[in-house]
């Protein structure tokens with residue numbers, strides 16, 4: 001048999017024999033290898049029971065050595081371990097699960113204060129308490145307490161929301177924790193799979209998940225689904241001595257085995273270790289946050305330096321007075337709430353996605369999902385059901401039977417209990433499974449075995465009383481059995497049908513029928529007659545085509561990346577409307593052919609609808625190259641072979657039923673079948689993106705508004721605005737802005753991208769306009785008596801004019817004007833048209849009204865000597881409100897004017913640049929490009945909940961992470977390639993032949 005497998009060509013053949021032989025090979029059970037067990041090349045008396053020795057493949061390979069050596073190395077026997085020994089080994093080898101890095105709650109809270117924006121505020125607090133102790137005045141305790149309170153409030157809100165999101169993920173993972181049946185102290189019991197150790201005896205049956213890597217000591221008709229490793233649809237038969245991988249599923253039979261590897265040392269664990277290759281901890285959002293933060297810091301820095309020169313060198317201000325003016329710019333200009341607002345927005349978004357059965361494990365992935373331009377998807381179990389099905393539309397008949405008759409007879413020749421994958425698909429094709437035994441009396445049944453490669457049933461047809469026999473199996477085997485009514489024409493037709501199936505990636509299952517004379521069920525029949533050919537395939541999920549159509553409508557291109565054969569990938573692509581312009585994985589190494597239309601490998605990857613026969617490193621490479629071309633890339637998958645690419649992608653999505661390795665590497669975990677949730681997630685992420693963009697424009701505009709306004713006022717009028725009142729404005733602003741996380745906005749129909757030039761342009765326009773509104777108000781108050789004359793208002797003590805520019809009531813008027821119109825700006829930045837055309841959420845409107853009520857009350861009754869303000873009359877409050885309304889109305893027109901001039905010019909230049917790049921690269925695929933994830937020292941300062949926590953946790957010994965040597969990664973990669981390559985070699989694609 002070994003020679004037949006390796007050299008199918010020399011077999012004697014009729015004209016139809018060669019293609020049928022090929023189909024026989026195609027149906028050959030996975031996992032049947034010629035490798036003979038070897039002995040461990042190590043001194044058994046010297047090796048110790050520890051991971052360094054057991055998993056050093058230079059010394060020993062537990063996967064291939066004889067079972068006798070396995071038991072010696074693991075120092076165990078078939079009676080299992082004692083509970084005490086199991087506990088000792090659990091300490092030695094660790095739990096049988098993928099390690100996750102736990103975040104310390106206190107460090108997570110502190111991390112919200114670990115970014116340059118917070119550092120400036122912390123510096124301002126130090127200035128208030130330490131450097132302000134001058135000019136015979138005490139430290140500025142009110143400002144110090146206010147700044148610290150502002151920092152704590154922002155950190156607490158962000159910590160609370162993020163912790164909630166983390167707890168939801170932990171609850172999900174705990175609910176998915178698998179169980180294992182294990183023999184301890186000579187008896188069987190059920191325990192958590194995480195408590196398994198090397199040397200344990202485990203048992204599993206049909207439907208169970210293999211809990212750890214093990215070698216079988218007993219196997220009864222065992223078939224294991226390892227699609228998560230190979231991408232192939234058919235299960236593999238297993239016998240005593242064979243290895244079963246952790247996370248694979250038992251599809252048939254019962255087995256016992258000895259655990260040889262747990263946790264990170266399993267096959268899946270080593271796959272998950274590839275995830276660690278990409279040490280890119282700074283996400284896309286942190287990069288954007290860094291650039292926005294830089295804009296704000298540079299703006300503040302310019303005017304702080306200007307104040308130092310003008311106030312000290314020019315006006316000869318004393319030390320403390322100048323410092324108070326600088327504090328106003330630092331406190332008011334820094335968008336201290338930015339990291340928290342964005343985090344809360346994302347955390348709320350994560351909770352909303354949970355309603356669609358999508359659990360977000362990295363909340364910044366939501367922002368990146370909004371900008372995704374390419375979605376790479378695994379096929380088996382993701383686009384398809386990973387459940388074999390009979391395609392009734394392609395059934396071929398050769399005798400006097402209809403297609404329905406052929407399916408029914410094939411169902412007769414199938415098991416109805418303890419089925420393998422093919423029997424299950426045939427019986428399911430009948431519709432009502434009871435029909436597989438209705439109207440017949442079973443006399444004899446021969447199940448499928450690797451030698452005969454067919455099943456056979458002999459039965460009594462109750463309606464006629466006749467004995468009949470049906471067989472189904474590999475085409476080459478069945479056609480050899482057919483001795484009745486076989487003609488040259490029929491064989492030619494069969495050959496053509498088999499060839500057509502092969503080119504479409506369908507596996508053929510032949511069905512033959514004969515009748516028996518007499519009553520002896522073991523008698524020879526009148527000869528088998530070929531009656532039909534069934535096509536077996538792994539069908540797409542019911543919602544997959546709609547999901548792909550929806551993704552394309554949202555501007556997201558979908559590419560299939562599968563470990564299955566090229567013909568199968570193309571057929572799946574055609575059925576899904578995805579296209580069949582696909583390539584085998586070898587092109588990733590060889591590049592485009594010399595006569596190809598593609599100038600480079602990158603061009604080919606961009607143009608392809610998908611790739612077939614890929615290994616984990618290929619998926620990783622495809623994602624990496626797409627990112628290198630400037631695309632934000634999402635990857636979906638369910639197996640350990642998808643884990644490296646899931647980690648590398650900007651957004652890794654583990655589908656329902658994914659392995660631990662895939663879930664551990666993914667950013668989003670789907671908990672119900674199908675991909676339709678991804679479209680919901682994309683739409684929801686774009687809503688969240690719009691909220692963040694709206695806030696970013698607002699935050700930058702307020703920075704410009706505060707620093708420019710108060711710097712100019714100090715230069716023109718030596719205006720000393722109280723720092724504490726800026727803190728009040730910031731506190732009220734933060735309370736209102738937090739409600740943006742649930743604001744009502746419209747998602748974009750195309751992938752979003754952070755166009756910072758546009759954001760900064762809008763911010764400068766709004767900020768300067770609001771600055772003008774405040775300066776104009778102060779000028780009228782100081783230079784004229786317009787308000788006094790028209791409205792009869794006065795100042796403290798009935799004074800007709802203010803004593804000077806630093807009159808406490810003037811401070812109050814400016815405070816109220818700044819507080820009201822600054823918050824009102826959010827209604828302009830959140831809308832695309834007129835502000836009243838897009839209704840805000842109830843929460844935002846309510847928070848705005850409360851904040852303005854508080855501001856007005858402070859203005860009316862505030863009489864705080866320590867902060868130099870004094871309550872103003874209702875007349876002045878009314879004047880400020882009317883003033884702000886008058887100035888607020890033109891804000892929409894400024895927005896429209898910016899869009900028609902500056903923004904239009906920016907977009908034209910960008911489109912021209914992109915067109916030039918596209919022409920130069922000659923890709924021929926016009927797609928919007930966004931910035932890919934990148935890492936730098938500056939950007940990493942903003943990844944506060946990623947890198948800072950990890951570094952700090954390691955320093956103080958909190959939490960831990962599995963570390964894997966590079967050579968082990970390389971070893972895993974080569975083993976994966978070798979095994980999958982061997983599988984594909986035994987089951988070649990006919991189109992590749």
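Cβ atoms here come from the backbone N, Cα and C positions, even for glycine.
Nobody curates TrEMBL annotations by hand; they come from automatic prediction.
A quick note: this is a predicted structure, and the numbers were derived from the prediction, not measured.
As annotated by TrEMBL, region 'Disordered' applies to 1-44.
Taken from TrEMBL, the feature compositional bias 'Basic and acidic residues' applies to 19-37.
The domain 'Cation-transporting P-type ATPase N-terminal' annotation in TrEMBL covers 61-133. Regional average pLDDT for the domain 'Cation-transporting P-type ATPase N-terminal' (61-133) in the model is 80.
Residues annotated as transmembrane segment in TrEMBL: 292-314 (among others). Sequence-remote contacts of a segment are chain residues at least 6 beyond its ends whose Cβ falls under 8 Å from one of its Cβ atoms, and for the transmembrane segment (292-314) they are 115-117, 120, 321-322, 325-326, 329-330, 333-335, 338, 696, 699-700, 703-704, 707-708, 711, 714-715, 756, 759-760, 763, 938, 942.
Using a Cβ-Cβ cut-off under 8 Å and counting only residues 6 or more beyond its ends in the same chain, the transmembrane segment (326-348) has close neighbours at 112, 115, 117-118, 120-121, 123-124, 127-128, 140, 143, 147, 150-151, 154-155, 157-158, 161-162, 164-165, 285, 289, 292-293, 296-297, 299-300, 303-304, 307-308, 363-364, 366-367, 688, 691-692, 695-696, 699-700, 702-703, 706-707, 710-711, 721-723, 726-727, 729-730, 733-734, 737-738, 740-742, 942, 944-945. Per TrEMBL, transmembrane segment is recorded for 326-348 (among others).
For 695-717 (among others), the entry in TrEMBL reads transmembrane segment.
According to TrEMBL, the feature transmembrane segment maps to 723-742 (among others).
Remote same-chain residues near the transmembrane segment (763-787) are listed as 295, 697, 699-705, 708-709, 712-713, 716-717, 719, 793, 800-802, 805, 810, 813-814, 817-818, 821-822, 825, 828-829, 876, 879-880, 883-884, 887, 890-891, 894, 898, 902 (criterion: CB distance under 8 Å, separation of at least six residues from the stretch ends). The feature transmembrane segment is assigned by TrEMBL to 763-787 (among others).
Residues or ranges marked as transmembrane segment by TrEMBL: 841-862 (among others).
Residues 765-766, 769-770, 773, 777, 787, 791-793, 809, 812-813, 816-817, 820-821, 824-825, 828, 831, 834-835, 856, 859-860 of the same chain sit 6 or more residues outside the transmembrane segment (874-894) yet have a Cβ under 8 Å from a Cβ within it. TrEMBL lists 874-894 (among others) with the feature transmembrane segment.
Residues of the domain 'Cation-transporting P-type ATPase N-terminal' (61-133) grouped by DSSP class, helix first, strand second and coil last, total 42 helix, 2 strand, 29 coil.
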